[in-house]
């Protein structure tokens, strides 16, 4: 029965049954009136989640396709951007820039730390010729479980005309990111994170200044062309055949998020984070990210001295059906990651922590069985803000 | 109840219930052992359908993403290709080439006709310097319902080293296309056609000569990089988060195709084509494509004098819930298209023809009610090759 799994991944998240049912609806014509109505509802609902009046485009691709779309549609070959990296997905932005002949000047912070807005401010202040066309940065860095302070980074930009392009694939709807209020030009999201859907859609909210950049951009794209997507979208269509079931699922998940409210979703994710962190700490394990910058979507946990991540991940899956993720990039061999976003439940977290206690105890790590669950359930009992 | 629709589209096709159920399975870790087993089964099953020993890559994108992948991974900027166009999807290849700075020399045939292999042979014979790096051509042109003779085109290539890249998005599993036997270098497929799945996956079988071209290709790609996809695939993974439910669905649809056999699927599609064509002819309507080149997946029907496609398409949908497609490209205002691929049933075709009779009669077109259904059901009764 360990095939009845508890998924604690930083995406894909479990899928709510009503979303799965919506996805199983009969096929429709993606050039017909049923699709048009579906499209109108999901694009409107997405704008609420992005907290923007900007146009939203939806592409049939996973999140990396959205990251590529941001680069290939907005930055011309030879132009320079500032890529702020705090982990593996920041590094992916650098790779994409290189693949598209965009000059990526990297401002790197160590794995486990957040970006320092001061450093960005200084670099931009020195760029008096405005050579830097955009700042590319993660909202939530999935590989380390660190949340960047996007509001402070936006302020650090000051009067510099660089576009602020934010990868919030694992952040949106898990942590507040008011696009318009914070003057963000592009926000990239993905279906399989706090939207509680399977993978296969990436959504981009693209502000007016970014659309102006798109008009002038000479970089190469066809399938991921956001202007084509916008123009078709305004007619209730997509330029290429879309993943219709995922759009039905998105309609349903947007209704769920609306009923919960964004504030409710943020509070729920923060509570799951606090439960996981308290539980892990009660077992004496170290957390990669400090409290102040800890992600509400995923927590990277340092493996005890002398152990490898697989020593924990494999028995969790094989003996308890609890599925957590390995490390990525520079901390690949040092951490495992507990995801707590999307349709993860509080009892899934308690069960996951119970399994973690057992796996560590059986491996000879000196832990008190029950300690992690006790710490997490105390946090849960004391919280009042969240509808349990 | 006209929301209970009969879909007669050239994709998306209806989805078999067992495929829809498979897609609703709980999420899994796409970096875990369950995914690896799923991946092994679907890639092996796909090779059978492609009739190849070549490596198969699966990308989370719709078919156009697969067409772009073929260009961006195999042809360098400035290189020349021969694009053989017989309709709107041939023209899409031209647009993709232009977007990726590939010189597209177009050999165009009128909408409704197939490509003449002789013309291709002559052009290649004249290319003594081997400037033409690839031939890009549709197997089944969805916009016109015409099947190209890919075997003859492959023979027309002779000793010329150009790669033969075939878009069989709407053809594969509906019409025979033995990749290895016909010396095709790349075949592109899509999920929402004869594979009976929703849209969202594109599959490419890539032969040895094409992989060699990929090694040297300097064009731009990241998300749609087939080398990355192959290298991850050999480890039972994907470079970026894949659309897992579609892969579960693909596992199921490959099992269905295996049980039916490829020959059975081809015969079923040919029979559906023959039913549709006999029915349409019995109503006195003209078919865009001649018998010898008629697609087993989709039939383009010329609208009667004085009518527009919408005069037929809209009442079919609104009064009967029968969903057919409009025209595309140069014949947009002259045809409507009846799709008969994937999980379309024989009785859906009979019902669709019955509705078509009624719509035409009510519009004052001189038709004999019952004639189309009689012609189609006679064809069905007389056929022996197909498991009904």
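Placement of Cβ uses the backbone N, Cα and C atoms for every residue, glycine included.
On a predicted model such as this, the values are computed, not experimentally measured, just so you know.
Residues or ranges marked as domain 'Aminotransferase class V' by TrEMBL: A:27-331. What TrEMBL lists as N6-(pyridoxal phosphate)lysine is A:193. What TrEMBL records for A:337 is substrate binding site.
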Students should find that the Cα atoms of residue A:193 (N6-(pyridoxal phosphate)lysine) and the residue listed as 'substrate binding site' sit apart, in Å rounded to an integer, by 15
Restricted to the domain 'Aminotransferase class V' (A:27-331), the mean pLDDT of the model is 97
Other C-beta atoms within 10 angstroms of the C-beta of the residue listed as 'N6-(pyridoxal phosphate)lysine' total 30
Using a 10 Å radius on the Cβ of residue A:337 (substrate binding site), the other Cβ atoms enclosed count 26
